[in-house]
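Below you'll find the structure, written out as structure tokens, and then a few comments.
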Amino acid sequence: MSAPTILIMAGGTGGHIMPGLAVAEVLRERGWRVLWLGNPDKMEGRLVPPRGIELVPLRFQGVRGRGAAALLKLPFLLARACAQAWRRLADIRPDVVLGMGGYVAFPGGVMAALRRMPLVVHEQNAVAGTANRWLARLARRVLSGFPGVLPRGEALGNPVRADLCALPEPAERYAGRSGALRVLVVGGSLGAHALNTTVPQALALLPEQARPQVVHQAGEQHLPALQQAYAQAGVQADCRAFIDDMAGAMAQADLLICRAGAMTVSEVAAAGVAALFVPFPHAIDDHQTANARFLSDAQAAWLQPQATLTPQWLAQWLGQRTRQELQAVAGRARTHALPRAAAHIADVCEQAARRAS
């Protein structure tokens, strides 16, 4: 008997691709054949093939925010992508199709539904993306990382790395710590200019004996400017382009200052670390603010809009934090973790395939 086949559709950003890869790994361990529908010219073209997963090419990208000329081309681009997806699905004949978001998932999902192939959709963010809002109407099962995102949605969580889920409980990690608070600042692989400029200036406003120990990840492109910003502020910090062991860095931190992508928020909960979220203000539909509120509304994190993140505000806010308070917030964050999300999404895919057979 041949192995069952799943076609995963995801692309454009790591927030769609990485959770898809986590589900792919679970299904491969269960004996499934995994194929990936994506644009070889985009991020999935760099991330998926090195994992030993065949990338089935489909070139399609969104036109939102690209102007009137791009919008006029949309019907032609979409028709071409749908024709490509129809042929790819005919060749592959997958037992189930999983859409994890990104524009490339839309034509593939529509064609899968027209071919009456079981379609499962997973939305990572607290505000559904354009493709998933439409595909949810066609899907057999609708899954999400956060509650209340889509009609018929089942909140199974976002797949996160096992090393984060395996960290000891916050009470155990924070116990016995003394001295300056340990702050981890993460701007993502490309850095975050607002954090890179505001944090050094804020720390300079604090008395030297009240300053936390800082590890600040800025992205390779922004590292020299970040180091200069700390030097000009007269503040010592461990500035890094990348952090290879993010689980270890989170385990050592009393506080994380970061953006609020869906995966970041889910990782904060999985690790059980206190976080100050500064959502990226230009995210589509302001979805990062909605992501952050999943924890901040439960007093399991803090949320500060970038527009009001000033050095003066941040200095005052940091000066008011205690390790005991941070431990309590970290503990509340951990209660919102869904560490088996990847396995549960894989379960749903298997169920959908069985019901269609």
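Cβ atoms here come from the backbone N, Cα and C positions, even for glycine.
As annotated by Swiss-Prot, UDP-N-acetyl-alpha-D-glucosamine binding site applies to Thr13, Gly14, Gly15, Asn125, Arg161, Ser189, Ile243, Gln288. Every protein chain considered, the tally of other Cβ atoms within 10 Å of the Cβ of Thr13 (UDP-N-acetyl-alpha-D-glucosamine binding site) stands at 16.
Note on the binding-site residues Gly14, Gly15: the fewest other CB atoms within 10 A surround the CB of Gly14.
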